[in-house]
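Asker: Annotation source Swiss-Prot lists region 'Disordered' at 1-20, 55-92, 279-303, 316-338. Here Swiss-Prot flags 9-20 as compositional bias 'Basic and acidic residues'. Summarising the annotation, Swiss-Prot assigns N-linked glycosylation site to N37, N83, N97, N105, N114, N122, N229, N240, N286, N302, N317, N322. The feature compositional bias 'Low complexity' is assigned by Swiss-Prot to 59-92, 280-294, 316-327. According to Swiss-Prot, the transmembrane segment annotation covers 148-168, 178-198, 202-222, on the basis of sequence analysis. Summarising the annotation, Swiss-Prot assigns compositional bias 'Polar residues' to 328-338.
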Amino acid sequence: MYNNNQNHHNNDNNMNKDEPTTIYPEFISISNEIKTNGSTNSYLNNIRREMLSMVNSGNNNNNNNNNNNNNNNNNNNNNNNNNDSIVINMDTINNNNNSNNIDINKSGYSQISNTTSNDNLNKTLLGNNEISQINDIDDDSSPEFIKYKKFISSLSYITFIGAAIVLINQKKSVYIQFHAYQSFYISMGVIGFQFLLIWSDILSIILWSLYLLFTIFMFLKVSFGGYGNSTIYKLPIIGNLSEQKAKLRSQEYSRYFKYHEDLFIKELREHKQALIHQSNLNRNNNNSNNVNNNGHQRINSNSSSVVMSGDVESMLNSSGSNSSIYSDVQNDIGTNEE
C-alpha cells in the first residue's frame, strides 16, 4: 500500500512539471489546495488531474488558434490543423494502478458526446474507487495518514461529546468511526448505569473510576500503540456492534460521495467540451475572416488595375486629340503661306 501511494506522489510530481499557469488561475489554485490538503485521497486526486487536463487542453486550444492566426496573416492557410487532437491524461486509482490516455477529436463537438465514449470515460474515472471498497475495519490509507487517524480516534474517547464530534466530522474512515462508536456506546452505558446506581455513592464512584481508567487506557493505546486489526482493542459485544455500524455508515457515505463525484466530474467534462467547441468556433471564424479579407484584397487590386487602365486610355485619347489639333494648325499655317 505504501508503494502504491508513493507511485501516486511520483505521478503528482511529474504532473507538476507541466502544470499550466497562464489560463484558469482559479483551477490552478484549487489544484494546489487539493494537492496540499488531500494528496492521499483518491477522489481529490482524480478531481485534481481532471482539472489539470482541462487547463492543459485549454492552453493547447489557444496555442493552436495563435498558430492558425499567424499562418493566416502570412497568407499561408493550412487546413490540415482541423484533425488535431487533445490528449487527456487521467491517472485514476484502480486495481492495476495504470494510466489511461483518451484521445478526443477536436473536429466535431458531437463526437465527444458519444454514448460509448462517455461510458468508457465514466468507467475510467469512477469504476475503481477505493472508498467504495470497504472490506475490513483497518481500511486502506497511506502511512503518513495513519498518525492523523490515530490521533482523531484517541480524541473520540474523551467522553461521549468527543465521540459525537468525531462521528459528525469523520464519515469515511472505518477505523476512526469504530473507535468513535465504541466510545459513544461505552459512555452511554456508563450514564445509564449511573441512573440505576444513583442510590449508592460507592458504586457510582467505582463505576466512574472504571470508566476513567478505560478512557485513559484507550486514549494512550490508540495514540501511541500499533495500527491494524491486532491493535484495535475491540470489546466483545460493543466492539462488534461498533464495527458493523462503522462499516455500514462508511459504505452509505461512499455511495453518497460517489454520486456527487459523478456530478462534479460530469460538469468538468461538459465544461471541457464547451471549451473545445468554442475553440473550433473561433478557429472557423478566423478562417472565414481571413478568406473574406483575401477576397477584398483581390477585389481592390482588380479595381485599381481597372482605374489604371482607364487612366492610360484617357491619356492616349488626350494625346491623340492634341496631335490632331497640332496637325490642323499646321495645315492652316500652310494655306496662309500659299
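The backbone N, Cα and C atoms fix where each Cβ goes, and this holds for glycine too.
Quick one: how deep are these features, and who are their neighbours?
Answerer: Taking Cβ pairs closer than 8 Å, the transmembrane segment (148-168) reaches residues 141, 175-181, 183-184, 187-188, 191, 215, 218-220, 222-223, 225, 227 in its own chain, all 6 or more past its ends.
Among residues of the same chain six or more beyond the transmembrane segment (202-222), those with a C-beta under 8 A of the stretch's C-beta atoms are 150, 153-154, 157-159, 179, 183, 186-187, 190, 193-194, 231, 233.
Sequence-distant neighbours of N240 (N-linked glycosylation site) (same chain, 6+ apart, CB under 8 A from its CB) are K234.
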Asker: Cβ under 8 Å to the transmembrane segment (178-198), counting only same-chain residues 6 or more beyond its ends: which ones?
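Answerer: Answer is 137, 153-154, 156-157, 159-160, 162-164, 166-167, 170, 204, 207-208, 211, 214-215, 218, 222, 232, 234-235, 238-239, 241-243, 245-246.
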